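Asker: Copied straight from TrEMBL:
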type: BINDING; residues: ARG91, GLU156; note: substrate binding site
type: BINDING; residues: GLU156, ASP183; note: Mg(2+) binding site
type: DOMAIN; residues: 28-254; note: domain 'HpcH/HpaI aldolase/citrate lyase'
Amino acid sequence: MKTPRAYYQPLAIGAPAPYRELPTRLERMIHFVPPHIEKMLAKVPDLIESVDVILGNLEDAIPADQKVAARQGFIQMAQENEFGSTGLWTRINCLNSPWVLDDLLEIVPAIGNKLDVIMLPKVEGPWDIHYLDQLLAQLEARGGIERPILIHAILETAEGVKNVDTIASASPRMHGMSLGPADLAASRGMKTTRVGGGHPDYSVLSDAGHEAARTTVQQDLWHYTVAKMVDACMSAGIRAFYGPFGDFADDEACESQFRNAFLMGCVGAWSLHPRQIGIAKRVFSPDPNEVSFARKIVNAMPDGTGAVMIDGKMQDDATWKQAKVILDLAERVASKDPEFAEKYSV
Ligand SMILES: CC(C)(COP(=O)(O)OP(=O)(O)OC[C@H]1O[C@@H](n2cnc3c(N)ncnc32)[C@H](O)[C@@H]1OP(=O)(O)O)[C@@H](O)C(=O)NCCC(=O)NCCSC(=O)C[C@H](O)C(=O)O
Ligand SMILES: [Mg+2]
């Protein structure tokens, strides 16, 4: 563990100083693009308009013989487009793979000044973050990169979940964390073949003899991990995200999984297909009715203290803070998205 004074020192002479506060950005969806496919790259200019974050994926889902093409496609995509307020991220290959070193040695010098965040898969502990942190500082110094490239960890191994707190606070370069339910299921030995979502057999059965027919209610397989991740991230001042939902045919289930994550404290999720962009936008923007109720609370308690009754419900300092979370998010959404600005009447 570093001493407080050393924590914010650049790790290489000439590297930019780490951020003390994360840049404030709207990140309702991290949209995955496979950059080895020409027709997908052609969609990037339109995607920049419609998503909050665009990510060039280099890891899983890219065939081994297309890894170099994906890396080159991502660099080309970054060079040929202007991203404005839309975040530009990449997911590099994992640290024990044969591709990761070239991912970093080629991407940082070529487009390091445009790249906001590197997503690091299969993070096991703080040592993975420390390695990438040091290497990025060296590459930033050598390439004259002007602002630090942030690290986003994927929480997708049993060991990573065990070490989630120390991963979250491993470096001021940490941006946040996403749940990777597919790899995590494999790592834990779960008996599923899905990318996120629930399972009909993971359920609770009502007692015998109390009803004519016993009922079962499906439970959320990811509740424990999302809660653990949110606590680790929020206490370290970084952001938590739900990851992918693989059943593109079941928009309702995708929306339900995203909404549970939103209510639990996550700020966004991954979109793997264009149809999931609208779902994430809808879910991770606060409900206009909640926004107007939050406004009532803040208006009734201008200094955030005391107790008042609104619509029959008691409000106090703690609900004032909840209201502030919703209003601050609504403000960020409204500043990017005119459709929501109108719904929130701002
Ligand atoms: C899975 C896909 C290859 C499916 O693509 P396709 O077969 O083309 O689907 P459709 O015909 O339904 O597509 C309709 C049109 O939409 C375009 N499209 C599809 N996906 C994207 C996209 N991601 N971005 C932009 N545009 C997209 C198609 O080109 C079609 O356009 P048109 O021909 O003009 O009509 C594809 O969706 C895909 O590759 N998605 C990303 C998959 C991915 O990144 N997977 C890895 C992340 S999940 C993971 O790694 C697990 C995690 O780590 C964990 O452990 O949990
Ligand atoms: Mg994975």
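Cβ atoms here come from the backbone N, Cα and C positions, even for glycine.
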Asker: Which one is it: of the binding-site residues GLU156, ASP183, which Cβ has the fewest other Cβ atoms within 10 Å in this structure?
Answerer: ASP183
Asker: Counting across all protein chains present, how many other Cβ atoms fall within 10 Å of the Cβ of ARG91 (substrate binding site)?
Answerer: 26
Asker: Between ASP183 (Mg(2+) binding site) and ARG91 (substrate binding site), how many Å separate their Cα atoms?
Answerer: 15
Asker: Could you give the mean pLDDT over the domain 'HpcH/HpaI aldolase/citrate lyase' (28-254), rounded to a whole number?
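Answerer: Mean per-residue confidence for the domain 'HpcH/HpaI aldolase/citrate lyase' (28-254): 97 out of 100.
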